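K.L.:
Pulled these from TrEMBL:
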- 63-221: domain 'Alpha/beta hydrolase fold-3' (DOMAIN)
- Ser145: active site (ACT_SITE)
- 274-335: domain 'Alpha/beta hydrolase fold-3' (DOMAIN)
- Asp302: active site (ACT_SITE)
- His332: active site (ACT_SITE)
Amino acid sequence: CHLIHYLRLSHHLIVLNYLICTFDKLKSVSSEDIKITDAVFDGVEVRVFEPAAKGDESLKRSVVYIHGGGWALASARTSLYNNLCRIMAESLNAVVVSVEYRLVPEVCFPEQYHDALRATKHFLQPDVLAEYSVDPSRIAISGDSAGGNLAAAVCQQLSKDEDLPVRPKLQALIYPVLQAFDFNTPSYQQNMNMPVLPRSVMINYWIDYINGNYDLAHELLINNHTALNVGRALSFRARLNWTSLLPPSFKKNYKPVVQSTGTAAIVERLPALLDVRAVPLLADDATLARQPRTYMLTCENDVLRDDGAMYAARLERAGVPVTLDHFHDCFHGCMIFTVWPTDFSAGVQTRNSYIKWLDENL
């Protein structure tokens, strides 16, 4: 997962990440209102945003934020995420920890997951929370897109850790990518050619993340990896049955794409396709029942819309309080586009709704 993987990484990803991370990384410049520092939590780089202390105020709320970018792009230090986390810290008067996990092609799954988990568990230690004056009972785990995937996976693992002294109160997932089982959900079919994140690009992100080969892209696209003859996939099928999990307004007139015979060797070569650490939507009901109160933001014009909606439905069925915040006119990635020259009303609208929910529930 190093030189060879790097050489075959799609050209546009290399160029995009070069532009984003070379020219757009910001130094940790504090202001009167927000102190911004870079730190290392258990070997993982983070950027911490701390509001100024106000007299003898009590402990602050906190959000651990995990940025998106297909596990391959962006950074906690780019202007878009730096701006989002600064505004969150100001609006919520909360300590925001933005995780700088390692990216494809330097590492592949499960390293991004391990980075996010290690940084979060380090922050949740009582002495670390005390250092940042954080209330242990008022912490949220959050992320967008691939960061939403990592946030959901981290929350699931934290819920299984019996020795953890502090647990998150909330999880807030923004158009998260949660499954690689079915690339023909209604939203994948409806938005297959939608700009920003067409289906083919999302499949390539998955292939890069799990260290696969692009020659598998077509087999994944037609769901050959989860055909009825793929024994390892059968037990998971009911957990991702969108015909029962999605509302009619999402299902529309789309039909399931289920192959009777496919290629079982794919999941043998790429077991991460059915690994809940990579694919949180495949978690069992007992794990879902232990998740914290959840916010789920979805956009109509997004291949990942149904990933979020299905997870929200399964969490609700497991007894978890869920807010599904659906935006009919918005698109994937819109929430970080609030800074000129990409300052879209969709970005401000979704960001304000997300921050409002955190303010009311955290």
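Using N, Cα and C of the backbone, Cβ positions are placed for all residues, glycine too.
Bear in mind that TrEMBL entries carry predicted annotations, made automatically and left uncurated.
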K.L.:
Would you mind listing, in sequence order, the residues at least six apart from Ser145 (active site) in the same chain with a Cβ closer than 8 Å to its Cβ?
P.N.:
Gly68, Gly69, Gly70, Ile174, Tyr175, Pro176, Val177, Leu304, His332, Gly333
K.L.:
Tell me, roughly as an integer, the mean pLDDT over the domain 'Alpha/beta hydrolase fold-3' (63-221).
P.N.:
97
K.L.:
With helix taken as DSSP H, G or I, strand as E or B and everything else coil, how many residues of the domain 'Alpha/beta hydrolase fold-3' (274-335) land in each class?
P.N.:
24 helix, 19 strand, 19 coil
K.L.:
So if I measure Cβ to Cβ from Asp302 (active site) and keep only same-chain residues at least 6 apart in sequence, which ones fall under 8 Å?
P.N.:
Tyr175, Ser187, Asn191, Met194, Leu197, Cys330, Phe331, His332
K.L.:
Neighbour count, 10 Å Cβ-Cβ cut-off, for His332 (active site): what number do you get?
P.N.:
26
